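Quick look at what TrEMBL lists:
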ACT_SITE  Cys149  active site, acyl-thioester intermediate
ACT_SITE  His241  active site, proton acceptor
DOMAIN    3-130  domain 'Semialdehyde dehydrogenase NAD-binding'
Amino acid sequence: MIQVGILGATGAVGQRFIQLLTDHPEFELRVLTASEASAGESYRAAAKWRVDSPIPERVADQTVRRTEPDAIPDDVDLLFSSLPSDVASEVEHDFVEAGYVVSSNSSNERRATDVPLVIPEVNPEHLDLIEAQRANRGWDGALIKNPNCSTITMVPALAALEQFGIERVHVATLQAVSGAGYSGVSSMDIIDNAIPHIGGEEEKMEAESRKLLGELGDGEVQYHDAAVTASCNRIPTIDGHLENVFVEFAEDPDTEAVAAAFEDAETIDLPTAPDPLITVFEDPERPQPRLDRMVGDGMGIAVGGIQETETGIKFNVLAHNTIRGAAGASVLNGELLAEDGWL
Ligand code: 11C
């Protein structure tokens with residue numbers, strides 16, 4: 001078993017990490033860290049547990065450690081990070097310099113030229129950027145990132161359609177409140193409301209999508225040249241981001257060809273990868289967050305509403321934002337790191 005830890009284990013994504021790493025077939029969860037204020041407490045006392053299953057017994061009484069390299073046992077090989085982005089750069093660098101491999105969900109450095117931004121079913125070859133990263137920064141460890149949850153929801157579907165030559169993408173999101181962490185979930189302000197702007201989200205979707213779909217060459221990623229425009233909205237659902245996507249292509253695929261491309265999208269042979277990667281609904285009222293966010297144990301991508309438009313194709317896509325879109329994405333990247341021999 002590969003010994004792993006979680007940096008930032010008490011937050012909304014940290015709790016999902018715990019849920020997904022309990023009884024994982026390859027990873028043994030050894031270490032939990034949190035802010036200075038929680039260090040020394042039991043996990044049960046430190047975390048305000050909100051995940052939809054009880055705190056695993058073997059985690060509840062573990063002592064939460066400081067988020068510093070000298071608090072981590074030497075035999076831990078892989079750290080999953082859900083640190084707040086304002087502290088993550090500095091703290092993650094400390095761990096990577098100390099030789100740890102960090103699979104991070106935090107949004108800092110996703111666009112750095114030598115940081116792999118990876119969805120294993122889409123661009124596993126981008127992990128090779130680790131060589132450039134080690135050469136540039138003199139690190140023994142490695143830092144890899146998964147994208148933002150709204151980006152992860154859309155990009156596997158776009159990758160399946162790449163065969164038709166994607167030229168332009170417009171997307172409008174309907175994002176769940178759990179994407180905003182505890183304060184989002186506990187806020188009642190959003191009931192009977194929708195918020196037509198989520199700070200920074202649109203830029204992330206636009207840039208991260210083009211990096212994920214880009215080609216790796218000469219030690220860096222050449223971004224895909226499709227134009228991507230995003231409009232990101234918060235709605236009062238708890239979990240599951242739903243997105244309306246409009247795509248223009250070089251070719252002129254019909255709805256049958258698009259549905260077949262989604263159904264044929266290749267998954268990857270890793271323990272928590274969903275099979276199929278994409279589930280296609282014919283009912284135009286699906287997918288819906290409450291009904292469909294757990295497709296593929298929360299790791300699948302659900303699409304529906306495929307229709308022709310005057311300029312191309314439109315469809316709806318849904319994924320679970322804190323599983324597929326956050327903790328599950330980092331765990332899957334960890335499985336890829338193990339499979340490809342980076343640990
Ligand atoms: C939201 N997508 O729903 C955001 C949360 O870049 O990882 C995740 C932010 C990120 O508000």
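Numbering starts at 1 and runs along the chain as it is shown here.
Cβ coordinates are placed from backbone N, Cα and C, and glycine is handled just like the others.
Values in this document were obtained by computation on a predicted structure and should not be read as measured data.
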Nonlocal residues around the residue listed as 'active site, proton acceptor', in sequence order (Cβ under 8 Å, 6 or more apart): Cys149, Ser150, Thr153, Thr173, Leu174, Gln175, Ala176, Gly179, Pro289, Leu318, Ala319, Asn321, Gly325
Cys149 (active site, acyl-thioester intermediate) - helix vs strand vs coil (DSSP): helix
Packing count at Cys149 (active site, acyl-thioester intermediate) (other Cβ atoms within 10 Å of its Cβ): 28
Confidence summary (mean pLDDT) of the domain 'Semialdehyde dehydrogenase NAD-binding' (3-130): 96
